[in-house]
């Protein structure tokens with residue numbers, strides 16, 4: 001394989017630029033040419049394809065977002081869109097593609113592979129909801145951004161004796177809420193993987209203020225459960241009388257310079273994706289397991305998800321065997337500040 005392309009698709013994630021940089025530099029070192037595709041699959045179909053060299057990826061490792069831009073392109077789910085994209089790739093002499101993104105992006109890569117066009121996936125999403133990897137690119141940065149924000153919210157919460165509901169991203173997976181909540185010492189964490197009793201939530205708030213002598217209460221809520229405003233309304237209807245505020249961290253979690261960890265794993269996975277294409281291997285997704293590079297069928301990575309579930313005892317049972325187990329219940333309460 002002499003010429004490959006790289007694209008980013010779906011929601012952006014800090015560290016995507018580091019992965020693109022690694023793909024380009026590794027490919028050049030292997031004597032391969034690299035082309036960039038702007039705007040993901042939309043740019044592929046439109047022929048928005050151009051050469052990438054070391055100069056184009058210089059100084060990109062510290063930048064958030066993706067300089068190749070990103071877009072959601074549902075038309076690529078249709079055969080017509082897939083064939084149009086492959087036609088453009090062949091027109092530019094491209095023999096394989098590295099796709100950086102989440103589950104929707106993986107489905108596109110899977111379709112390319114089914115048509116006999118080699119594609120390798122790199123997990124780039126802050127939600128950490130891709131199977132076959134312990135961590136996705138952008139997750140660590142998003143968690144650190146959330147923790148920094150929650151720490152600041154605790155300051156103002158303590159000053160006024162308030163309850164704060166902090167809504168974070170995570171439509172189908174509560175990983176950001178779980179990790180950020182534990183790291184910030186949140187008092188309660190509400191995730192899609194666990195059913196909650198709103199009356200118990202209210203009782204815990206009351207106990208903290210009246211019996212434990214606390215002057216704040218922080219609840220981290222994954223957006224996949226419901227909106228922060230809707231959750232606050234349920235709290236009030238269930239009898240919560242605390243001075244309640246809602247903050248939605250929203251898209252701020254997608255921005256910012258990637259952490260050292262995100263830069264490193266993005267670089268590892270980007271280089272490994274090139275190695276797989278050089279060997280003629282398509283239909284695979286790259287991942288990190290126990291700090292080592294792994295690969296798995298892209299079909300499974302796209303379909304299985306990486307969601308965890310919680311037992312009655314509060315233990316996390318991970319559907320993705322490449323993810324760690326945590327004692328959720330113990331950490332959630334014993335580490336709350």
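Each residue, glycine too, has its Cβ placed from N, Cα and C.
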- Message: Looking at the ATP binding annotation from Swiss-Prot, with 72, 73, 102, 103, 104, 105 already listed, which candidate in 11, 15, 161 is the matching residue?
- Response: 11
- In Swiss-Prot, ADP binding by 21, 22, 23, 24, 25, 185, 186, 187, 212, 214, 215, 216 extends, among 3, 154, 245, to 154
- Message: Please list, in sequence order, every residue of the chain apart from 11, 72, 73, 102, 103, 104, 105 whose Cβ lies within 8 Å of the Cβ centroid of the ATP site.
- Response: 9, 10, 40, 101, 107, 108
- Task: Measuring CA to CA, name the entry from the binding-site residues 127, 214, 245 that ends up nearest residue 104 (ATP binding site).
- Result: 127
- Query: Given the binding-site residues 11, 102, 104, 185, which one is most crowded in terms of C-beta atoms within 10 angstroms?
  - Reply: 102
- Item | Long-range Cβ environment of residue 171 (substrate binding site), under 8 Å and at least 6 residues apart | 127, 223, 224
